[in-house]
Amino acid sequence: MAQNNFDFKFSQCFGDKADIVVTEADLITAVEFDYTGNYLATGDKGGRVVLFERSNSRHCEYKFLTEFQSHDAEFDYLKSLEIEEKINEIKWLRPTQRSHFLLSTNDKTIKLWKVYEKNIKLVSQNNLTEGVTFAKKGKPDNHNSRGGSVRAVLSLQSLKLPQLSQHDKIIAATPKRIYSNAHTYHINSISLNSDQETFLSADDLRINLWNLDIPDQSFNIVDIKPTNMEELTEVITSAEFHPQECNLFMYSSSKGTIKLCDMRQNSLCDNKTKTFEEYLDPINHNFFTEITSSISDIKFSPNGRYIASRDYLTVKIWDVNMDNKPLKTINIHEQLKERLSDTYENDAIFDKFEVNFSGDSSSVMTGSYNNNFMIYPNVVTSGDNDNGIVKTFDEHNAPNSNSNKNIHNSIQNKDSSSSGNSHKRRSNGRNTGMVGSSNSSRSSIAGGEGANSEDSGTEMNEIVLQADKTAFRNKRYGSLAQRSARNKDWGDDIDFKKNILHFSWHPRENSIAVAATNNLFIFSAL
């Protein structure tokens, strides 16, 4: 489905809409669409997983499916530490035999859940259905209190087998596998491999590889723990498998680097990696640089060609074939650059914002404060020759690199086949010209056909929407451009507690699910 309409409108909201005191256990900590987009899962700080099912194929509408307790609070007696029940991440597997499977994790334990429709049957007919008949005999022996004996009139011919009938259907969730006791530190990421047989889990210092069918054994593929912990200079912040090549995965660090690894080269992927890192002039370093440059989330584009990384102040788009600098750097909430001391005092500077690609690999979204989230339409475009580029305001951008080509031969070969189809699909009805001149490179990123309704003639390179109770009021708030401009105008009024950290983009259309404290908002361009 072409994803060239960016006229996002509010569709649904799940949760308490009134101004009530929000309990900490109700805060949503994970949001994830499945591969089809017909199912949506959320996890919260209380260890619960809530599933939603699409109820209307033409419009983006979902209904509640089921809820279950995925994790409970535990206590590590060896370390005297409490293990939170908070759901850190949820990942869907592909469905099999009318059952759905998903992985959920807290800080220490990963669980594989099977969600299926269960029939409840009751006994509708048996030998006592019609009751028991009694006969009264006149003989004095074997008599009852009323002077007669009691016997059931049941002949051999009248005996029946019990019959079951359909009573009800429920959605049941059962844990199929529990993967535990493999991480010393807190798990921050899980990622399912494209082979649908293995997945990885990452904590602060190690990354483990699991087989879905073997819960009691994992293989350590990355270990950055130094011999002397006083020499520790960085930690792992996120990890993800390549969406098409099952031998490739990447992980990010608190130093602002991304490392792409090939499991075919070595069993322990610590050293032989391709490192994506941007040079920072030491003159521009300050007290907060080390904190703000820490990458909180990384994502592959669905076609596997690009990488999006998010740190506190920027989103960076990388080409897997060019590791010396990003193709594009998008500045996020620039208003905070002069207020980093305030964010440090209230710990907001440590917030871990996510980043996400659209299903066609052309656009990205991320979150901010005041319940705002930003969508950047058509950041990645392609020409007829399938050489994808990133729209940028820097005319001197040169997306070429010859380093470490051996690790990406499989990606480049696949670009001409699988990626080529998606590139051609995206080129229909969209400006796909290569950025070659200063005029075109400085032009705003067009909003595609989404501008043909209220915002015709208005080109937008950033859409700012708000996941707040104002979204479902009856009052109209103007065009997309007007709403976006109003949401950008923060002034000095910033609510750091209203931060959009978790969200998911529908894989086949421009519909997004956004977690705002204890509410789940759905916006759609359909």
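Using N, Cα and C of the backbone, Cβ positions are placed for all residues, glycine too.
Sequence annotations record features per position, and here Swiss-Prot assigns repeat 'WD 1' to 23-62. Feature annotation from Swiss-Prot assigns repeat 'WD 2' to 82-123. Per Swiss-Prot, the feature phosphoserine maps to S124; the stated evidence is a large-scale study or a structure entry. Per Swiss-Prot, repeat 'WD 3' is recorded for 182-220. The feature repeat 'WD 5' is assigned by Swiss-Prot to 290-328. Annotation comment: Swiss-Prot describes 345-386 as repeat 'WD 6'. Annotation source Swiss-Prot lists region 'Disordered' at 390-458. Positions annotated as repeat 'WD 7' by Swiss-Prot: 495-525.
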Chain-internal residues near S124 (phosphoserine), provided their CB is under 8 angstroms and they sit 6+ positions away: Q163, L164, S165
Range from 23-62, 182-220, 345-386, 495-525 with most C-beta pairs under 8 A to the repeat 'WD 2' (82-123): 23-62
Contact call for the repeat 'WD 1' (23-62) against the repeat 'WD 7' (495-525), three or more Cβ pairs under 8 Å: yes
Residues in the repeat 'WD 5' (290-328) grouped by DSSP into helix, strand and remaining coil: 3 helix, 17 strand, 19 coil
Secondary structure content, the repeat 'WD 3' (182-220) (per DSSP, counts of residues): 0 helix, 22 strand, 17 coil
For the repeat 'WD 1' (23-62), the number of residues DSSP places in helix, strand and coil: 3 helix, 23 strand, 14 coil
DSSP three-state assignment for the residue listed as 'phosphoserine': strand
